[in-house]
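Marked as domain 'G-protein coupled receptors family 1 profile' by TrEMBL: 41-301. Positions annotated as transmembrane segment by TrEMBL: 26-50, 62-90, 102-129, 150-170, 198-226, 246-271.
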Amino acid sequence: MNSSKSPGLVGFGVLKNTTCHTEKKISVFFSIIFMTVGILSNSLAIVILMKAYQRFRQKSKASFLLLASGLVVTDLFGHLINGAIAVFVYASDKDWIRFNQSNILCSVFGICMVFFGLCPLFLGSVMAVERCIGVTKPIFHSTKMTSRHVKMMLTMVCLFAVLIALLPILRFRAYQIQASRTWCFYKTEHVEDWEDRFYLLLFSCLGFLALAISFLCNAVTGITLLRVKFKSQQRQGRSHHFEMIIQLLAIMCVSCICWSPFLVAMARIGLREGRSEDTCETLLFALRMATWNQILDPWVYILLRKAVLRNLYKITSGCCGVHVINLHVWELSSIKNSLKVAAISESPGSSKQINLQPLSSMGQ
């Protein structure tokens with residue numbers, strides 16, 4: 001905004017000689033397809049999570065379902081808002097001078113891009129921390145991790161993401177139209193000022209930090225679940241352990257694969273002085289990869305459920321000619337058994353022989 005040019009022309013002088021071109025019809029088509037698939041996927045995931053929350057109101061799972069619902073709702077609004085703006089830009093032939101005279105649309109677009117980019121990553125890390133506490137410290141989780149505390153965490157995560165998104169506006173720095181003229185973000189062309197580099201590095205570091213926390217907590221959760229399963233020797237609890245490990249690995253892999261290219265590109269631009277070697281085609285590809293994270297996230301909860309995994313197990317076992325083990329019904333008692341075994345192992349008397357017969361009798 002501290003420029004002699006009018007606000008509507010911020011960053012446009014860099015764009016006139018750009019060699020990055022996108023075909024209008026194909027771009028509009030893909031934008032509409034991405035937005036539609038994302039909205040439908042997240043809506044279906046919300047229905048599934050809400051039904052699960054109404055059915056399983058125990059404390060050990062209610063907090064996870066609330067956080068998962070918050071993640072899916074955030075992804076849904078991300079597709080609605082960002083997708084609608086992107087389709088409008090493509091449909092208007094990317095003529096920013098005509099519809100962005102006051103730079104309001106670009107600022108809103110940039111704020112939404114940052115918020116709906118960071119917020120799902122933050123929520124994913126919070127979910128990983130919550131599951132890690134629930135598995136390793138079940139007594140503390142059952143007494144302290146109430147629905148009110150989870151809602152407070154959701155609010156704090158959203159407010160922090162909003163603060164990061166509004167930081168350039170509060171510092172009187174305008175969001176820039178990117179080289180492809182299809183989206184707005186921090187300044188990525190001719191980045192020379194330290195503050196512009198700071199925003200790029202802040203976004204990248206926060207994203208990598210969220211992924212690192214998710215990876216660490218999911219690894220601890222997976223190892224703990226495997227130890228509890230082998231220690232308890234409970235066949236009934238195995239299905240729940242299997243479901244949890246598969247979901248955690250899927251969420252972690254999807255986030256890392258989809259977000260790493262974009263975060264690495266932002267870090268490269270922030271660390272290099274002057275013109276970056278990353279072309280607008282590279283940035284656009286990385287952005288579309290990050291968008292796929294919001295599309296694939298809900299399918300983790302849609303496909304990796306107990307009923308789907310059980311049917312896949314039976315089909316795979318039948319095709320391979322292996323005798324299908326009669327899996328027990330996936331009840332809440334399996335979760336209670338796991339938490340009780342973990343709680344007993346944490347107690348001072350865990351060195352004594354653990355009698356698991358009462359736990360197995362509860363699951364009958």
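In case you wondered, yes, glycine gets a Cβ from its N, Cα and C as well.
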Short question: which residues 6 or more past the ends of the transmembrane segment (246-271) have a Cβ under 8 Å from it? 121, 124, 127-128, 131, 186, 188, 191, 197-201, 203-205, 207-208, 211, 214-215, 218, 221-222, 277-278, 282-283, 285-287, 289-293, 296-297, 300-301, 304, 309
Out of 26-50, 150-170, 198-226, what stretch is closest in contact terms to the transmembrane segment (62-90), meaning most Cβ pairs under 8 angstroms? 26-50
Model confidence over the domain 'G-protein coupled receptors family 1 profile' (41-301), averaged pLDDT: 85
Sequence-distant contacts of the transmembrane segment (198-226), meaning Cβ under 8 Å and at least 6 residues beyond its ends, amount to 114, 117-118, 121-122, 124-125, 127-129, 131-132, 135-136, 164, 167-168, 173, 186-188, 191, 241, 244-245, 248-249, 251-252, 255-256, 259-260, 263-264, 266-267, 269-271, 338, 342
Cβ under 8 Å, sequence separation of at least 6 from the ends of the transmembrane segment (150-170): give me the contacting residues as numbers and ranges. 62-63, 66-67, 70, 74, 107, 110-112, 114-115, 118-119, 122-123, 126, 130, 186, 199, 202-203, 206
